[in-house]
Amino acid sequence: MRSGTRPTGMSRTANRVADVAEAPTTAIRRRLGTTELVYLALLGVMVGGAILVALQDKNLFSTANTVEMLSRSSLLGFIAIGQTLVILCRSLDLSVGYVVALSSLVAATTMDGDPARVPLAIAVTLLVAGGIGLANGLIISVLKVNPFITTLGMGLIIKGYLDTEYKGPAGAVPESFRQFGYSRIGFVPVSAAVMLLAAVAGILYLRKTRTGFHMYAVGGNAEVARMSGIRTGRVMVTAHVLCAMTAGVAGLLLAARFGTGSAEVYENGYELESIAAVVLGGTFLMGGRGGVAGTLAGVLILAELDTIFNILQVDPFFKDVLRGVIIIAAVAIYARRRLDVRASRARFGGDGGADGGPPPEPPPRHDDDPARPHQGGVR
Amino acid sequence: MTATDPGRAAATSTGTRLAGLAGRLFGGGGPTVFALLIVIFALIFVMNPSFAEPPSLMAFLKAAAPLVVLAVGQYFVIVCGELDLSVGSLVGAQVVIAAALIDGEESRTVPVLLVMLAFGALVGLVNGLITTLLKVHSLITTLGMMLVLYGAIRLWTGGSPKGALSEAFRTAGRGGIDMPVVRQLPWALIILVAVVVLAIVVMRSSYGRTLVATGDNDQAAMFAGVRVWQVRTSAFVLSSLMATLAGVLIGGFAGVTAQVGQGLEFTAITAVVLGGVVLGGGRGTVVAAMAGALTIQALFTLFNQMALPSTIRPAVQGVIIIAAVAYAARERAGPGAQDHAPAAPPDQNPDREPAAT
């Protein structure tokens, strides 16, 4: 015990001080889930942004700005919803940016300006994207290649194909399908409405279906999930197929906005941005905790920030700096909360995070915590 | 900590060293990278026998030096269980900083190098402290750092790099000592050898063992008296210092552009993983990681020899990376893996179990 406590002596004291200081608020904070916190953060960003914008005599909530914010959110939203599923399974998809580019090209070249071919193009695009997701999932679950390497390699493969096959924009999108990119109902762009529907579907999928439940189980502890009779491989493959397909929808949206397919969009770094949005939404990067509702808030936060920066005419490079700082700060706040949750269930401390996760906090040992009497047994 | 040299244990237990060597080369696991390296080099030699001559080999090593240095830095971070995505933008930032501060004046070379080292150490320290003390996953920390560096450098220079590097600064990356046989012994190669030796010494020291132990099981390491946060933070500092060194080499070799360093983080991580180092930590040797970097550079050379269209290269690279890692994972995925790694999640890091060897 003595040797065990030595390295953490300082942080322990700090924790205890923090506990005492936060004692009145912890009860409230425990009742708030991470998702609620993310929505509070979104509200905070909106209020703060509105005040800053109001100082310049502009209105953040004017129709134009709201439309801009929502249409910004729809593209990233689709990608991030899929990314949530794979991250919940403790995987990750770095190929989504390339899938978006490929999908926009497949859609635009299949449509080729003919409105009658729109349904066919949508089907082909989703099929191609789903096929890529299937390949990702199978390589990860059958060949046991790390997801990071699998999807990075898959991204390179698609990049090679795109660079070789398409020297520039290709295909044409008929006017009827371009409505998906531009038209709006009231102040809600159609694309954002579809994205919100997809988010609701995602939430229901995770909460109401068997496979959705299994995703949490696999991400929490794949071995326990397997021993409980879950076919972990299938769950992983499903998550990757769905993720690639939502990226395919994002590609369709891009094709509708540009009116043509474009390979260059893979340079936009959607993969990292979507991961940032998912994590900003409170989903645990090491799997098993989180959900689409949080991701939606994460996406809206990023889109709202972008809109605010645009109205305030913040230097685009300074935007990157701010975004980096905000993402780190937000995740640091969630991490603090997660420590609180761990402390309340010390019995299970260090279960999920032991495999290369964020450094698992040494099992919290409050002297007054009866849950861990056996701690002294550590030699 | 027991997993530092699985190959050696396997060889002594089988008895015959030769069989052990062959098994290590082609039997899957980390050392597969050496087999891949040999195969790629053999292909290059067959296509272009003159490549075997010392001057071209020197040129190859000169070009490979930055990636190997980056891979060493990334290895430190990966083996202790983290990930550093900020190295690519740090390389870019350092080159741009060097150009702007030196501005073509020879006398400023050394002070600016010191500034760069300090800046590199600072970036690593920030990465490390945010990851360990604030408990932010290193993927997010270094992703944020990547955005911050990328934006801050362009904000500072107004979008495009300004100033110029001094001749003395560029010598490290492109100059060398003239001598017979090899024609010119590049400084980059001397620096590379120094880094290699240093890395091996570090990994054999108690610090290196602590690093691996932390990546393997940080709770066990903590109970053994390791100050986990200090070890991990120092790994990030080492990684950033290596990125600084790589920045000096690349700046000398390729000069200053706004795109310097872009995407290098993924190449470096790929190199390390190709070397059989497991993402998640605790597994793999620094020598194999360096071999992974050489393999990737050799692959690029092979593409040049084959006059492969530059557009298709990423695709081939992607296929080879996935295939190589799948091949190396074959052993772990096989039925035999079940009895020594029962509790590891099969979908991701099946061999993270400390008792695997």
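Cβ coordinates come from backbone N, Cα and C, glycine included.
Looking at B:263-280, B:317-334, the stretch flagged in TrEMBL as transmembrane segment turns out to be B:263-280. Contacts between the transmembrane segment (B:187-207) and the transmembrane segment (B:85-102): absent, as fewer than 3 C-beta pairs lie under 8 angstroms at sequence separation of six or more. For the transmembrane segment (B:263-280), the residues of the chain that approach it from at least six positions outside its boundaries are 29-33, 36, 67, 70-71, 73-75, 78-79, 81, 83-89, 91, 142, 146, 215, 246, 288-293, 295-296, 321, 324-325, 328, 348-349, 351-352, judged by C-beta separation under 8 angstroms.
Sequence-distant contacts of the transmembrane segment (B:85-102) (same chain, six or more residues past either end, CB-CB distance under 8 Å): 66, 70, 73-74, 108-109, 112-113, 115-116, 119-120, 123, 127, 139, 142-143, 145-146, 149-150, 152-153, 156-157, 161-166, 169, 239-240, 242-244, 246-248, 250-251, 256, 258-266, 268-269. Within the chain, the transmembrane segment (B:235-256) has long-range Cβ neighbours (under 8 A, six or more residues past its boundaries) at 62-63, 65-67, 69-70, 72-74, 76-77, 79-80, 82, 84, 86-87, 90-96, 98-99, 113, 116-117, 119-121, 123-125, 127-128, 131, 138, 161, 163-165, 169-175, 188, 191, 195, 211, 264.
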